[in-house]
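Now, the feature entries from TrEMBL:
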type: TRANSMEM; residues: 18-36; note: transmembrane segment
type: TRANSMEM; residues: 73-91; note: transmembrane segment
type: TRANSMEM; residues: 97-117; note: transmembrane segment
type: TRANSMEM; residues: 129-149; note: transmembrane segment
type: TRANSMEM; residues: 155-177; note: transmembrane segment
């Protein structure tokens with residue numbers, strides 16, 4: 001049984017060139033991002049801040065449409081918090097990136113610890129070693145983030161986004177090539 005459903009491959013086989021070009025564009029953008037992780041980080045944080053500010057303003061406006069203050073106060077407060085956080089992230093993206101980087105580092109450390117726990121529960125299986133390696137790499141990455149903080153806040157988010165763009169680009173290229181191969185199959 002094929003891993004990818006044939007109807008999807010059949011559809012994609014008609015559009016594989018566009019998929020291939022999109023994948024290549026993602027790879028190029030990700031590679032450019034690797035060369036400017038600091039700028040990539042600041043732009044990303046600024047963008048997120050802008051979205052939070054906009055969301056906050058929309059919620060504030062909605063709160064004022066509620067007839068009584070007691071009913072609208074929680075909505076107003078949430079909107080104000082979103083707007084303040086978004087405004088702060090836009091005004092001080094480097095500081096916000098540092099805070100987000102700490103959260104990312106903590107999440108990676110926790111996830112890696114949980115991988116050790118999973119490895120313990122499946123010890124003796126053929127993949128236990130890979131789980132342990134994955135956990136060790138994650139802990140090393142978290143340690144690098146914490147050891148270099150606050151400087152790591154200048155590059156971690158940009159680096160992760162650049163790598164994600166490259167990985168997604170390669171995924172699109174591989175799917176495009178699979179779709180092309182499907183198009184040229186012999187029945």
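Placed from the backbone N, Cα and C atoms, the Cβ positions cover glycine too.
Packing against the transmembrane segment (97-117) from elsewhere in the chain are residues 41-42, 45, 131-132, 134-139, 141-142, 145-146, 149-150, 152-154, 156-157, 160: each is 6 or more residues past its ends and has a CB under 8 Å from a CB in it.
Listed by sequence, the residues of this chain that lie at least six past the ends of the transmembrane segment (73-91) yet keep a Cβ under 8 A from its Cβ atoms are 45-46, 48-64, 66. Among residues of the same chain six or more beyond the transmembrane segment (155-177), those with a C-beta under 8 A of the stretch's C-beta atoms are 4, 12, 16-17, 19-20, 22-34, 36-42, 44-45, 97, 100-101, 104-105, 145.
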